[in-house]
Amino acid sequence: IFKTSVRVYFIYFCVVAFRRKLKADLSAAFPLLSADELSELVPNKEELNVLKSYAHKGDAVTVYVLHKNPVFFEVDKKLFPTVYVLWRYPALLPAFKTWPPVLQKLTGGADLMLPGVVVPSCGLPDVKQGDSCAVTLVNNRAPVAVGTAAVSTEQMHCLGMKGRGVCILHTYMDYLWAFGDKSGPPSLPDAESEAHGENGEECEISDKEEEEVDKCVEEQHSPEETVTDQAQSCFEELSLVEQDEEKGEKNNEEEEETQDEQKTPQGTRCTTKVKFFIGIETCNPPTFSKVSSVFVLCITVALFFCRLRSFSFPEDTDVESTPLPDGEEGEIPYHPPEITTLYSVSARLEPLFLNANKRKGATLHPAEVRSIVTEYVKDNELVDENNKNYVTINPTLCDCLLEKSEYQEVVSLKWDDLFSRTLGRMQECYQAVFPGQPPIVKKGHIEPIDITVASRGSNKKVTLMKNLEVYGLDPAVVASVLQHRVQASSVLQPVPGAKDRVLVQIQGNQIQQVGKLLLDHYQIPRKYIQGLEKAPKGGKKK
């Protein structure tokens with residue numbers, strides 16, 4: 001959640017009473033911390049600040065900062081240590097081990113997948129789903145990431161070590177780490193690495209393990225990104241070849257002797273210059289004894305263009321994707337819901353709809369109501385013989401549609417008056433149909449998207465939006481789009497007295513931009529938007 005910058009909206013000093021509560025919460029969350037260690041992390045007299053912030057997806061995050069370094073952060077009322085704390089106390093959380101190349105993927109926002117977990121000889125740590133855990137690298141038990149277990153340890157074995165393993169929340173080199181002193185992880189060799197390597201030598205990673213590194217994390221790449229990454233990889237390898245050729249013949253001979261001892265998983269001899277062929281081409285590579293830069297260039301270009309020729313664009317779907325504005329997340333195009341006005345049969349009108357088998361609470365379209373009432377009038381021969389525009393009132397219509405003061409006065413009604421009185425005594429409802437979802441029927445009028453302008457301190461204007469969820473809009477996405485469009489800060493706040501409702505606040509009077517976004521891009525009808533008339537009117541400058 002810290003792969004992009006966080007938005008801090010409140011900072012305050014941690015008082016003594018709050019420190020005692022924080023110590024109690026940390027002691028309950030991390031039983032391995034002793035009293036002395038808790039006193040070091042939460043001192044009584046040293047400066048300890050609390051930062052209230054929002055992550056890039058709108059998640060509310062509380063960060064505790066000690067000596068200008070974040071030590072803990074809280075998400076959904078759950079405390080997590082930062083990498084700065086875990087480097088001092090590496091055994092604070094159960095840790096899963098992975099390969100060093102995976103760290104770059106985790107920093108980019110990916111989760112740790114089970115194929116990338118290195119199972120030690122002692123087995124995996126015992127965790128349950130949702131438990132806090134850390135991620136370490138091979139040959140170093142200093143944690144580099146913090147997250148929650150996606151599944152329990154038993155489920156990991158049942159799944160055959162496939163699927164998501166750890167949901168990453170915070171990593172080394174993300175924005176939360178950059179908020180501190182930006183120090184690197186210490187070197188803490190584990191017991192298993194010391195047993196495999198003598199005199200501090202690092203264990204070598206086989207070529208097969210390098211092939212499986214790309215399967216360790218879950219990422220989504222567009223076809224253009226995939227082709228670009230392959231091209232960049234090819235050019236990087238060519239630059240390495242040029243650097244190697246600049247070395248002396250002695251270094252080349254020593255390198256060739258070392259390379260003869262290395263073999264690929266298929267038993268094919270391969271040099272470091274062409275090792276990337278295994279990752280690019282799935283077929284068995286040929287055997288090489290000596291490799292020149294010209295040969296490497298030819299093979300690289302040939303493999304690269306083989307991939308280009310085999311690339312095909314995905315088939316066009318039936319629904320045309322709406323171009324997303326800058327800053328909006330997600331690839332699924334938004335379609336506004338189809339909103340229909342319905343009427344519910346009330347207890348008073350139930351005798352009028354009995355012949356149509358419509359009981360109390362049944363919802364009908366206005367056309368269905370007119371059809372049922374017309375059938376009832378014709379079946380009971382209530383049309384006035386002298387004037388076809390009038391309907392004679394019988395006892396049932398009298399009880400359903402007339403007031404008590406009209407019982408002795410009104411004998412007949414016009415057709416339009418009959419229909420309007422029927423609909424007026426029924427409870428109004430609405431039906432919202434979102435693409436690919438079942439219809440949603442709710443009582444009452446649908447709430448429009450309310451746009452208002454309020455004043456804050458120093459007479460500063462802010463634009464407020466609410467009820468976006470009613471129309472299937474994500475307030476966090478809308479706030480991000482508007483923030484990029486108008487270059488102004490935005491804040492998400494809960495709506496008082498309403499569950500699962502969020503109020504979007506953006507700096508300045510931005511009603512014009514909000515109206516363009518809702519009307520032009522999201523294509524929401526104007527009748528469902530309230531407050532567009534408050535937009536500032538442009539006048540001639542004097």
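Any Cβ shown, glycine's included, is placed from N, Cα and C.
A TrEMBL annotation is a machine prediction, not a hand-curated record.
The compositional bias 'Acidic residues' annotation in TrEMBL covers 200-213 (among others).
Under the heading compositional bias 'Basic and acidic residues', TrEMBL lists 214-224.
The compositional bias 'Acidic residues' annotation in TrEMBL covers 242-259 (among others).
What TrEMBL lists as domain 'DM2' is 338-425. Mean model confidence of the domain 'DM2' (338-425) amounts to 89 (pLDDT, 0 to 100 scale).
Annotation source TrEMBL lists domain 'SUI1' at 449-522. Secondary structure by DSSP for the domain 'SUI1' (449-522): 29 helix, 26 strand, 19 coil.
Summarising the annotation, TrEMBL assigns region 'Disordered' to 185-267.
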Could you give me three numbers for the domain 'DM2' (338-425), the DSSP helix, strand and coil residue counts? 38 helix, 16 strand, 34 coil
